[in-house]
Amino acid sequence: MLENLQIIQELHEDYLRSGVDIVTTSSYQATVQGLENYGLSEKEALDTIALTVELAKNARQNFWQSLTDDEKKNRVNPLIAGDVGPYAAYLTDGSEYIVDYQLSKEAFKDFHRSRIQTLLAAGSDFLAIETIPNMAEATALVELLADEFPDTEAYMSFTTQDSQKISDGTPMTEVAKLCDSSKQILAFGINCSRPAIISDLLKASRTISQKPLVTYPNSGEIYDEATQTWKSLPDNSHTLCENSQVWHKLGAKTIGGCCRTRPEDIKLLTDKLK
């Protein structure tokens, strides 16, 4: 992000050519606190976060201008989602999966406030609050939106411990109640998790809420926090396309790929589902 901006914009354009309708900004780990640790001032950190939106907007503009009039008729003008990762992403120690952190509600709000404000001011269409492992953090974010950003819309997605609970052990049904209670959370679901457990989590969500569901899992490999490497699972037989057709029937309206998925995977997905 700090060394080669062009690569990020080109990657956005690759995904747009693959057929995506939503481009998420490269701000998942871009926080004021984290960037200050790299030697940036607070202003430089906020400018960098704003730049993630500009890169996505530039990619969208370049892509849209490359289409013919007929092609534009068959495409939705893509939306820019300002990516809000969890406090765990700032820690850079795999806490998205092991949830080895506790903050007060106000501390969570203080952590997220300036990034959300910057992403919105830079022109994000809505927020992608993603990879949330912690019910306390999710609750703080819902309250922060309601109290300080009442006109902002978002989706919220979670990492998971197993087929019934998010990473901190909270049942998916409780998560669904929280998201269902917020008018600003338009959709919710699961990301950065194993494909094999997604269906049960979606079913649990649907017993509580009729809101659109979100799912964009990892490739099927497992991240080993100890070695910081990805390991393949023995049973990885179902493709993203095959799984996504099942998830769509369970209520998933926003579908994609997370870690270790590529533009080629999304191209296969959009060709199958659209």
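Each Cβ is built from the backbone N, Cα and C atoms, and glycine gets one as well.
Note that TrEMBL annotation is computational and uncurated.
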- [ ] Check TrEMBL: it lists CYS258, CYS259 as binding Zn(2+). Then name which of CYS192, CYS241 it lists for that same site.
- [x] CYS192
Open item on the list: Using other CB atoms within 10 angstroms as the count, which residue among the binding-site residues CYS192, CYS258, CYS259 scores least?
Closed with: CYS259
- [ ] Mind looking up the mean pLDDT for the domain 'Hcy-binding' (1-273) in the predicted model?
- [x] 90
